[in-house]
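Peer 1: Structure in structure tokens, see below.
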């Protein structure tokens, strides 16, 4: 840590309330304050990229696409809940190979640029796939899945590219890591709130395919971000050494992954996600098709998900103001416990106990989704901060992508296992008698990761995890240094 960074940290520490562990209302920071704080230390183009990728492309785009894909699979392709659950996992496979996209952005510049071309590629892939799906008429299932997978590739490439910048800045400014993840989380949650709020109305007006066409707009903004990004060209890059660089990066990744303080959190992240079985499609079908269910309309389903986005925003706010300095283990213990208990709210709903208590379906589902997503965000934020601190210098994008791919393997395992569970319990488009059993099994499994918290470091988010030798940036003639990137901290540029 240099003198300027140390002085800034000491100033922040002096500004903390001295007599209260939680601080006072005057110390509660808002998204505008986060943004200003980061703007004073980091270049504006980094913040713009975060807002576009997380807020518009992933947040708004996810809100629109998630509901659209669910209705498309149910009404257009006529799939059973277990089939839709498995196929939803297949669509996410491009996120599992994120290290590949990370390796490309870290080691293979295109025309001398490491970030800009990948933003452009991401936008074009998404636009082409969404246009083809929206204008293609009655598309066979295999072609529809292929189109959705290609769109997922585009979103994953943009995510990896901006993640590399977030990780690079987290290493340069460890004390700002929590603020950066809070900005990412806020942007994603706020965008999702808008997307989910509009999704049901848009599906009712133009159908799922029409919404797919609208998803070209967020993709076009990714292209715009790539065009506007000011990035220095890598000088004297030896393209004939790309295979050597790939090998060096792989060796560096393996060396880091063997570190005890790295593989243990990775194992925890995978198991905590894999054990939380995903039976979302079964519950969605029950929402809309069950004879004794609430039979929610498209607009109602979209509005329910929008309240989940509000829960996510609240989670970011609470973590940023009250939990970002707490040790990883204590935060994850309570988050994981509450995560398991919150799953039982679905059980109350499916068994119709809420009606016996006089609580309407819509009100209960809104409370359920808001609370559940709030807890998920609280659970996810410290893991993101920890992941950003596990990345060695020089391959930040690649290694962060590797960590996120491990998480997506966990999500894929959760989705496929959930689909198998729905199939074994004979939960279909018209048969929901055993759905309560699937919910109970899922809720019990969610609590098991508490016994694995010993895998998480005992430190708090302000402390480094990796040894200093893994945080040093490798110098070289064809290595683009952080000072030459407009996305790098202004203090480094100075």
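Every residue, even glycine, has its Cβ placed from backbone N, Cα and C.
Per TrEMBL, the feature transmembrane segment maps to 44-64, 84-105, 117-135, 141-162, 183-205, 211-229, 300-319, 331-353, 359-378, 399-423, 435-456.
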Peer 1: Compare 211-229, 331-353, 359-378, 399-423 by their Cβ pairs under 8 Å to the transmembrane segment (117-135) and return the stretch that comes out on top.
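Peer 2: Looking only at 211-229, 331-353, 359-378, 399-423, the most contacts with the transmembrane segment (117-135) come from 211-229.
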Peer 1: So if I exclude everything within five residues of the ends of the transmembrane segment (211-229), which remaining residues of that chain have a CB under 8 angstroms from its CBs? That is, six or more out.
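Peer 2: Non-local partners: 45, 48-49, 52-53, 56-57, 60-61, 64-65, 68, 72, 115-120, 122-124, 126-127, 130-131, 133-135, 151, 154, 158, 199, 202-203, 486-487.
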Peer 1: Can you tell me which of 44-64, 84-105, 141-162, 359-378, 399-423 gets the most C-beta pairs within less than 8 Å of the transmembrane segment (183-205)?
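Peer 2: Comparing 44-64, 84-105, 141-162, 359-378, 399-423 against the transmembrane segment (183-205), the winner is 44-64.
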Peer 1: Do at least three C-beta pairs under 8 angstroms join the transmembrane segment (44-64) to the transmembrane segment (141-162), pairs 6 or more apart in sequence?
Peer 2: yes
Peer 1: Quick check for me: are there 3+ Cβ pairs below 8 Å between the transmembrane segment (359-378) and the transmembrane segment (300-319), leaving out pairs under 6 residues apart?
Peer 2: yes
Peer 1: Honestly, do the transmembrane segment (399-423) and the transmembrane segment (300-319) touch, with at least three Cβ pairs under 8 Å and pairs 6 or more apart in sequence?
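Peer 2: Since fewer than 3 Cβ pairs under 8 Å link them, the transmembrane segment (399-423) and the transmembrane segment (300-319) do not come into contact.
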Peer 1: Using Cβ atoms and a strict cutoff of less than 8 Å, what residues sit near the transmembrane segment (141-162) while being 6 or more residues removed from its termini?
Peer 2: 49-50, 53-54, 57-58, 61, 65, 69, 72, 77, 79, 87, 90-95, 98, 101-102, 105, 115, 118-119, 121-126, 128-130, 132-133, 215, 219, 222, 397, 400-401, 404
